[in-house]
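A.B. asks: Structure incoming, see below.
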Amino acid sequence: MPESYNDTPNGLQSDSPYIAGHLSSLRNQGLRPFRGMISDFKARAPYYLSDWTDAWNYRVVPATAMIFFANVLPGIAFSLDLIETTSQYGVTEVLLSSFMAAFIFSVFSCQPLCISGVTGPITVLNKTIYEILETREDAPEYLHFIGWVYLWAAIMHWFAAVLNAANFLRYVTRFSCDTFGFYVAWVYLQYGIQVITRQLSITDPDSVFVSIILALVMLVTGHLFGMLARSNIGHRVVRRFFADYGMPISVIACTGLAYWGRFRLANPLTLPTSGAFSPAGNRPWLVKFWELDGKWVGIALPFGFVLFILFYFDHNVSSLIAQGSEYPLRKPPGFHWDFFWLGISTFIAGLLGVPAPNGLIPQAPMHTESLVIMGIQRKNDVEKISKNGPSHGREEDFELHGTQNYESQNHQDSAETSTLVEEHPIAVVEQRVSNLAQGALCLVLMSGPLQHVLGLVPRGVLAGLFWYMGSDHLRVSAVTEKLLYLIRDPAMVSRSEPLRKVRRSRVTLFVAIELIGFGATMAVTQTIAAIGFPIVIMLLVPVRSWLIPKLPFTPEELSVLDGPTASPFVGLPLTFWAERKLTTFPDNGVRGRIHLKLMKYIGYYIVSPPSRR
């Protein structure tokens with residue numbers, strides 16, 4: 001097989017023969033039913049036991065805490081508009097939906113790192129459907145109609161999984177993911193503002209003022225913990241603690257602040273709660289949507305197609321970003337298999353009358369980030385790595401040493417290599433427990449006593465959490481990075497900056513296209529045509545595949561401006577994983593491997609380059 005494969009989708013070039021072989025195999029699969037699902041199952045099945053045993057690691061604890069707060073509170077806040085508008089959903093439905101998604105995708109899926117739950121887009125879709133039905137005098141029962149929408153969408157999910165529709169993900173690059181992620185970040189900021197402005201008509205000005213203060217304190221505190229975690233202040237153990245628990249501490253502290261001193265007198269508005277384990281309106285949990293009149297069954301079909309398009313892009317992009325090229329993953333994915341199970345969860349959601357869950361952005365990559373094992377590199381190590389080129393994040397490019405061994409060695413050659421300058425991800429704790437645990441916490445939160453505790457959380461804290469998550473995602477967004485590059489003084493740009501290889505006019509053009517895609521998606525969601533916003537999102541893929549290559553970009557410029565979303569080791573053919581099992585990976589001749597049993601405590605190792613062995 002050649003070392004370079006230039007005929008890759010989207011005008012991208014791949015230097016990996018494994019990627020080239022995988023893309024070629026995808027082209028040859030066609031519509032052979034069940035091929036993708038069977039391949040996913042065979043590739044991931046050998047890892048199933050290790051997915052549970054590898055969870056015996058401290059990294060699972062902060063990951064569970066962080067993703068619980070990042071999943072549940074925004075999910076409830078997203079649903080506030082839906083709860084207050086339709087009166088068909090309550091907080092209990094949101095919690096049950098989150099638990100159902102966590103249980104299904106942690107136990108049965110091939111990609112347990114992808115966190116699923118109630119998202120902003122599904123609440124927009126459900127609310128839009130409700131508003132459309134309300135215009136009809138003979139409007140059907142809302143939950144019955146939504147049940148058929150979910151059933152049609154589930155059937156499309158199953159057909160898509162069986163017919164290997166996930167193969168089209170090879171056309172999804174960083175362009176589509178970055179634009180969609182940029183949109184989601186601004187949706188978070190917008191919802192944070194709406195949480196505040198919605199209080200203006202239902203409470204007094206003092207309460208609104210306190211909510212604004214709480215939101216700003218939550219925003220600043222969250223970013224302060226993040227800045228300390230990314231700084232060189234204090235010991236790395238302390239910095240990692242800030243990174244792990246900064247957001248949960250901020251939420252709890254800001255909630256307590258609302259009941260301190262004169263803030264308590266303002267009586268800030270809090271989350272609405274319902275009875276323990278009971279749905280809104282005391283309806284039965286089982287929705288008999290099959291009793292819907294036949295006319296409305298057919299009308300539900302196009303809405304189901306729109307939901308299918310939304311979930312196809314949103315969930316798969318969440319899975320791709322959660323397995324991004326910046327994470328040193330070692331276990332294979334399973335897009336076909338997981339999409340089939342997403343159809344099952346969508347069907348169950350319609351049966352229970354809860355919002356349908358799907359992959360979450362930015363929670364999915366946040367989950368993977370919290371499970372990363374960090375290594376400490378010496379200065380000469382960094383220089384050597386920069387000279388030899390990237391190592392694709394594989395663990396085998398590093399050698400692990402215990403802290404005591406490093407300290408003793410440090411006295412021997414301190415004059416040469418004692419300066420530690422960089423923390424580098426060397427592995428990820430790939431397991432199923434953190435996803436299942438945060439889902440179990442959602443189930444426990446449905447109990448009466450904890451419903452009372454949940455009802456103490458001020459809405460201002462939720463607004464601040466939205467602002468923090470949205471602004472933090474914008475901070476690391478590739479769109480933001482390109483915008484900052486364009487406004488930066490060229491003389492102050494580092495010589496190692498990859499964008500220096502691209503003409504500034506081409507960077508401007510590429511960013512302009514991304515912003516147009518973002519603006520079109522945001523504009524559609526603000527109009528009566530919001531029901532069609534998933535179609536606009538999906539159009540980002542053909543724009544990148546067929547339009548952008550026709551514009552005046554060179555292949556070299558596109559390779560810098562855009563690239564594959566997932567790691568080179570995500571989506572490899574089954575033969576690759578079958579040959580290597582759990583032991584080795586292509587490592588350019590470097591011996592050794594990392595096993596998760598060696599990863600202990602908070603996930604730090606002192607590493608040295610392979611050449612020093």
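Using the three backbone atoms N, Cα and C, a Cβ is placed for every residue, glycine included.
As annotated by TrEMBL, domain 'Bicarbonate transporter-like transmembrane' applies to 32-195, 425-563. The annotation transmembrane segment is assigned in TrEMBL to 60-83, 95-122, 142-163, 175-196, 208-229, 241-261, 296-313, 507-524.
Are these features on the surface or tucked inside, and what touches them?
C.D. replies: With a threshold of 8 Å between CB atoms, the same-chain residues lying at least 6 positions outside the transmembrane segment (142-163) that come near it are 31, 33-34, 36-37, 86, 88, 126, 129-130, 133, 283, 287-289, 291-292, 296-297, 299-301, 303-305, 307-308, 311-312, 336-337, 339-340, 342-344, 346-347, 349-351, 353, 356.
Residues 10, 74, 77-78, 80-81, 120, 208, 211-212, 215, 313-314, 317, 320-321, 361-362, 459-460, 462-467, 469-471, 473-474, 477-480, 513-514, 517-518, 521-522, 525, 537, 540-541, 543-544, 548, 561-562, 565 of the same chain lie 6+ residues outside the transmembrane segment (175-196) yet bring a C-beta within less than 8 angstroms of a C-beta in it.
Within its own chain, the transmembrane segment (208-229) has Cβ neighbours under 8 Å at 192, 195-196, 199-200, 239-240, 242-243, 246-247, 249-251, 253-254, 257-258, 263, 266, 268-269, 458-461, 463-465, 467-468, 471-472, counting only residues six or more beyond its boundaries.
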A.B. asks: What same-chain residues lie close to the transmembrane segment (241-261): Cβ under 8 Å, and 6 or more beyond its ends?
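C.D. replies: Non-local partners: 62-63, 65-66, 68-70, 73, 210, 214, 217-218, 221-222, 224-226, 228-230, 268, 370, 456-458, 460-461, 464-465, 468, 602.
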